[in-house]
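A.B. asks: Annotations for this protein, taken from TrEMBL, read as follows:
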type: DOMAIN; residues: 1-424; note: domain 'Major facilitator superfamily (MFS) profile'
type: TRANSMEM; residues: 31-55; note: transmembrane segment
type: TRANSMEM; residues: 67-94; note: transmembrane segment
type: TRANSMEM; residues: 106-130; note: transmembrane segment
type: TRANSMEM; residues: 142-164; note: transmembrane segment
type: TRANSMEM; residues: 170-188; note: transmembrane segment
type: TRANSMEM; residues: 241-262; note: transmembrane segment
type: TRANSMEM; residues: 274-293; note: transmembrane segment
type: TRANSMEM; residues: 361-380; note: transmembrane segment
type: TRANSMEM; residues: 400-419; note: transmembrane segment
Amino acid sequence: MFLAGFGGVIVIPAITDVTMAALCPGLDQCSLAIYLTGFQHAMIGVGSVLTTPLIGNLSDRYGRKALITLPLTVSLIPQVASGYVLMSCVYAAILAYSRDTKFYYAYYVVKTLAAIAGEGSFHCLALAYVADKVPVGKRASAFGILAGVGSASFVGGTLAARFLSTPLTFQVASVFSMIALVYMRIFLKESAPMSQPLLKESEEPCIQQSEDDMQQKTFKKLPSMGDVICLLKCSPTFSQAAIVLLFNSLADGGLMAVLLYYLKARFQFNKNQFADLMMISGIGATLTQLFLMPILVPAVGEEKLLTTGLFVSCINIFVYSIAWSSWVPYALAGFSVLGVLVRPTITSIASKQVGPNEQGMVQGCLSGITSVANIISPLIFSPLTALFLSEDAPFNFPGFSLMCLGLILMTAFFLSLMIRAAPPIVGDKVSSNRCTDTLV
C-alpha cells in the first residue's frame, strides 16, 4: 500500500504544471487543460465501473493476491512511459508548441488506458484483504490504519516531489511502482481461499459434458449484477452507506478534477505550493487515521465519525470557494484532517453487512459507485470551473463550482444522519440466499 501509493502520488504536484506547459505555455489559466483533465477522470470512471466490481468479485473466488497483480502491473505502464515522455515534454518548451503537445498527448492516452484497466481495483482489493484478516469488531480501526498508511505514502510522495526535478519525479515513481509489484508477489500471503475447479476429482472428464453445461458453470463464476442489487435491497444500512458514498464521491471527484487549476488561476500556485498543501493535509490525515481513529471508533462509533467527517469537509469546500488570500488554502489543508474519516467508516459499515466470502464483492461494489461518481462529476464541474475562471463568466464568482460541490457534500451529510448501526453478518448474505428470503 505504501509503495504503490508513493509511486502514484509523487507525480501529482508536477502533472498540473506539465499539463499547463504543454497545452497553454506561459498562462495561468487554461480551459483546455481543465476540459482534458475532466474528460480523463470521466473515462477512467467508465472503465472502473466495469472492472472494479468484476475484479472484487473474482477475488472472492480466485484469491486476493492473484487479482492484486493486475492493477499493480498496469499502473507500471504510464509510470515507466512518463519517465521518458514527460521529460521530453518539459524540456522541449523551447521547441515548437506542437511537439510539446504530442509528447503530452502520448502520456495522456497511456495514462488513461492504464487507469481504466486498474485504477480503483487495488484499493478495493486491499480493503477486502484486510477484511479477511481482521475480526469484525476491529475492522473500522484496521481500515483506518490502512488509510493512514496510504496517507503516509501521500506525505512521502509529496515531500519527495517538493525537492525532486520533474523528470526525476516520474523516474522515481516508476521505480517505486516496480518495487511494489515485486514485493507483493514475493512476500504477500494469500488471504482468501482459491476457488474450486469446475470438476471435482470424482467427476467425469469435461468431454462427456455438454458445451452448454460447461458454459453455464463458467459464467456462474462471474459476478452477477443481481447479487449487488439484491444486497442493496435487503440491507438498508448498506444501501444508505452506498448513497452517502455516491454523494461524497461526486464532491471528491469534482474537487480532484478542478481544485489545483482553481488555485493556479486564483493565486498562481505552482508545483511547490501544490506539494506543500498536499503535504500538510497528508501529515494530518496520517496522524488522524493511524492514531486518532482507533481511539475514536470504540468511543464514538462509526456513524458519528462519518457525519463529523462529512460536516468538516463541507465547511472546508465552502471556505475554499470564497478564499480571499493565498494563506487560506494552507489553513484549510490543516483543518481538513477529520474529512479523511469518511471513506474508512463507510467501508467498515458496508463490510459488516456481508459474510467473509463476499468482502471482495462489496468492496468492488463501493469502488464501482465511486467510479460512477468520477464519471459524472468531472463532466459537470470541469466545464463549470473553466467557465467561471474565464472572462466570459456570467458573474464574478471564481469559486462557484466549489460552492456547488459543497452543497453536494451537505446533502451527503444530511443523508448520513439517517444511517443506524446494524448487527454484523456472520455468514454470507447473498450466496446463502438469505437476501432472497428477506425479499419474499
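Cβ coordinates are placed from backbone N, Cα and C, and glycine is handled just like the others.
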A.B. asks: Does the transmembrane segment (31-55) reach the transmembrane segment (274-293), going by 3 or more CB pairs under 8 Å (6 or more apart in sequence)?
C.D. replies: no
A.B. asks: List, by number or range, the same-chain residues at least 6 past the transmembrane segment (274-293) whose CB is under 8 A from its CB atoms?
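C.D. replies: Distant Cβ neighbours of the transmembrane segment (274-293) are 9, 12-13, 16, 140-141, 144-145, 147-149, 151-152, 154-155, 158-159, 161-162, 260, 263, 305, 329-330, 333-334, 336-338, 340-341, 344.
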A.B. asks: Could you name the stretch, out of 142-164, 170-188, 241-262, 400-419, with the greatest number of CB pairs under 8 A to the transmembrane segment (106-130)?
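C.D. replies: Comparing 142-164, 170-188, 241-262, 400-419 against the transmembrane segment (106-130), the winner is 142-164.
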